[in-house]
C-alpha cells in the first residue's frame, strides 16, 4: 500500500508541475492560446484524440510515427504542417522524410473536423494535438496544448537540411537545436532517428565483429538479426528495445548500458556535453523537485510546438491537409 500511495503522489506532483509549467505565458506562442477553438470548434480535441486512438488500436507503432512527424515538421519552416503537403520537391518527398508514417491519421482527423466545423481547424494544430495524444496513449502524461496555428503554404525538400541527422556530432545537433530556441536538455529529451545498419557491419577495425565498439557486444547479434547485412532497408526496428510501445525512461537506461540502436542516440551517452542529462533521466527520479522524464518531455514538446508558428495572415486553414488552398 505504501508503494502504491507513493507512486500516486509522485504522479500527482508530476501532473501539477506539468500544468504549472505549461499554463504560463511561455507556453503560448504569439497568436496561440489555450481554448482557441472553444467557441468555433469545441470538440476539436476529442475528435483528434478518438481518431488517433482508433488508429493506435489497429497499429500501436503509429504513436511514435506521429511524434516523429511532428518533430520533422517543426524543424523545417516551423510547426505549420508543411510536412503534409504532397508533390515533387516537397518536404514529404525529401530523403529524411521518406519513411515517415501516420499521414492517414491526420487526413482522417481533418475529414471529421471539416464535417463538424468546416474551415476552422488547421492541419498544424491537428498534428500538434495528435503528437500529444500519441504520448498519452502509450502511457505517457498528457499536457495542455495552446492552439491557433495556421498552415504554411511553402514546402521545399531543400529545407530539410535543418533536420538533425543520425551522423551528426553532438555539437552539430546541439547547434541545430539552439537555432530553434531549444537547448541540450531538449535535444536529449526529444531526439530520435532511424538508420543504424552502418553501426553493425564494417564500422570498426577495433572489434572482432566489425561493429561499433560503443554497442554492448551481447546486443550486436540481436540487432543483426533485425537488420541483416544487405537486407531490407525499409524494415522498421524499435529504437527503445524492450519497451517500444510504452512511453517511459527505459530509452535512457538502454543508452547507459550500450544498447542505443542509433549512432546519434548512443552519442548522447558517450559525449560529455549530454551524458549528465542522460544520467539524470536514467534514474527513477531526477531534479530538485523530483521531476520525472514525462514532465521534462511535456515542457520540451510545448517549446518545440511553438517553433515558427504562423498566425493570422501568415498562413491559411487548408481544407485538405495534403494541398495548399
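A Cβ is built for glycine as well, from the same backbone N, Cα and C atoms used for every other residue.
What TrEMBL says about this protein:
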- 1-29: signal peptide (SIGNAL)
- 31-325: domain 'Plant heme peroxidase family profile' (DOMAIN)
- 41-117: disulfide bond (DISULFID)
- 72: active site, proton acceptor (ACT_SITE)
- 73, 76, 78, 80, 82, 91: Ca(2+) 1 binding site (BINDING)
- 74-79: disulfide bond (DISULFID)
- 123-321: disulfide bond (DISULFID)
- 193-227: disulfide bond (DISULFID)
- 240, 248: Ca(2+) 2 binding site (BINDING)
If I take the alpha carbons of residue 82 (Ca(2+) 1 binding site) and residue 321 (disulfide bond), what is the distance between them in whole Å?
9
Using residue 79 (disulfide bond) as the reference point, find which of the recorded positions 72, 73, 91 has the shortest Cα-to-Cα distance to it.
73
Out of 41, 80, 91, 117, 321, which of these recorded positions is nearest residue 74 (disulfide bond) by C-alpha distance?
80
Spatial separation of the residue listed as 'active site, proton acceptor' from residue 91 (Ca(2+) 1 binding site) - C-alpha basis, Å
9
If one looks at the chain holding residue 76 (Ca(2+) 1 binding site), which residues at least 6 apart in sequence have a CB under 8 angstroms from its CB?
82, 83, 91, 159, 160, 162, 163
Would you count the other CB atoms within 10 A of the CB of residue 73 (Ca(2+) 1 binding site), including those on all shown protein chains?
31
Suppose the Ca(2+) 1 site is 73, 76, 78, 80, 82, 91. Which further residues of the same chain have a Cβ inside 8 angstroms of that site's Cβ centroid?
72, 74, 75, 77, 79, 81, 83, 152, 155, 159, 308
In the structure shown, which of the disulfide-bonded residues 74, 117, 321 has the fewest other Cβ atoms within 10 Å?
117
Return the single residue from the binding-site residues list (80, 91) that has the minimum number of other CB atoms within 10 Å.
91
What are the non-local neighbours of residue 123 (disulfide bond), defined as same-chain residues 6+ apart in sequence with CB under 8 A from its CB?
81, 84, 106, 110, 151, 318, 321
If I take the alpha carbons of residue 78 (Ca(2+) 1 binding site) and residue 41 (disulfide bond), what is the distance between them in whole Å?
24
Can you tell me how many other Cβ atoms are located within 10 Å of the Cβ belonging to residue 41 (disulfide bond)?
19
Sequence order is fine: just name those recorded positions in 41, 80, 117 with a Cα within 10 angstroms of the residue listed as 'active site, proton acceptor'.
none
Packing count at residue 79 (disulfide bond) (other Cβ atoms within 10 Å of its Cβ)
28
